[in-house]
Amino acid sequence: MAAAAAAGPGAGAGIPGASGGGGAREGARVAALCLLWYALSAGGNVVNKVILSAFPFPVTVSLCHILALCAGLPPLLRAWRVPPAPPVSGPGPSPHPASGPLLPPRFYPRYVLPLAFGKYFASVSAHVSIWKVPVSYAHTVKATMPIWVVLLSRIIMKEKQSTKVYLSLVPIISGVLLATVTELSFDVWGLVSALAATLCFSLQNIFSKKVLRDSRIHHLRLLNILGCHAVFFMIPTWVLVDLSTFLVSSDLAYVSQWPWTLLLLVVSGFCNFAQNVIAFSILNLISPLSYSVANATKRIMVIAVSLIMLRNPVTSTNVLGMMTAILGVFLYNKTKYDANQQARRHLLPVSTSDLSNREHLRSPMEKPHNGALFPQQGDFQYRNILLTDHFQYSRQGHPNSYALSRHDV
């Protein structure tokens, strides 16, 4: 298993069977984390649906999630000794240069604020979709994310995919269409909200990886920064939409349920925070392909648990559409992973002469910018393809430069 390989060379050296025992313990830890991830994700979605069915204020639920992220991440970052974000460079040369690379002067307004707005908008849209349509259908629509990623990568990054990758999108489209036409509790606004959330998550996926690559910020540190900035977008929306409704509404039926509602909101915020941290930890332990399988399994678990707990009316054709879409997501991930591995094999030199030739033919050398090296356009496209599914979260990908990111839960 990939997690066993991540233990590092020399683990258990000189002790017969130590390597196998370490691999078994690593596998057991990954399995336990996956089960906990599934339970938190499924439970959190069921709790969200229960809240929104009796308390139809999706912005309030989103605000609780963002606040839980802002309150819970800083202690973890300190406990795991996650390095702080690099300082922002000034307009001129600094008299006391920093020991490491600096961020561009307009890094926060140009990159962080748009990503924070995307996080806010995606969270609100996702909760509106869960409010309007069943959890099972909302998660089926979220399976269209690979379609959006491929389209947006082609438009924004000029990234072309192989024919196999495009063909792997067909089951996703077919499954979502089948689930939509057979959905008994269909709602147009629920579908639009789910699609908007998925589109926004896809944009975040593309640009977050670009920001992480260029800035070298730790992924959990970036998550904390985006959450704190998203609060500034969330609070005005909450005041205008939900708080104003609380103050002027004559229907006070839900006031008597405030203690129960507040408890559910706390549970929902904790589940969202915990599953975010555990998802990053799992991705840090296993290969991207194994993670994609675990993520597809998690979506199946969420749909199954929601159907059992919430008793949504479904047909066999509706379930077939859901499973087809999820199977399509797995096929897409497998095809994309194989394509990236093939590209990596072409990139690696097989002899010293190959290495010399590639060094000679390399596009103009990276330009130093505030102490950091940034690649020119020549190999940007390949690096972007390689980073799409296998990024800095994986300990196998960057064992040396990201040793500090190997935080296990």
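Backbone N, Cα and C define each Cβ position, glycine as well.
In Swiss-Prot, the feature transmembrane segment is placed on 111-131, out of the ranges 27-47, 111-131. Contact between the transmembrane segment (133-153) and the transmembrane segment (50-70) is not supported, since fewer than 3 Cβ pairs fall under 8 Å when only residues 6 or more apart in sequence are counted. With a cut-off of 8 Å on Cβ pairs spaced 6 or more residues apart, the transmembrane segment (282-303) and the transmembrane segment (312-332) reach 3 or more such pairs and are scored as touching. The transmembrane segment (188-207) is in contact with the transmembrane segment (111-131), judged by 3+ CB-CB distances under 8 Å for residue pairs 6 or more apart in sequence. Tallying C-beta pairs under 8 angstroms between the transmembrane segment (165-184) and each of 111-131, 222-242, 312-332 places 312-332 first.
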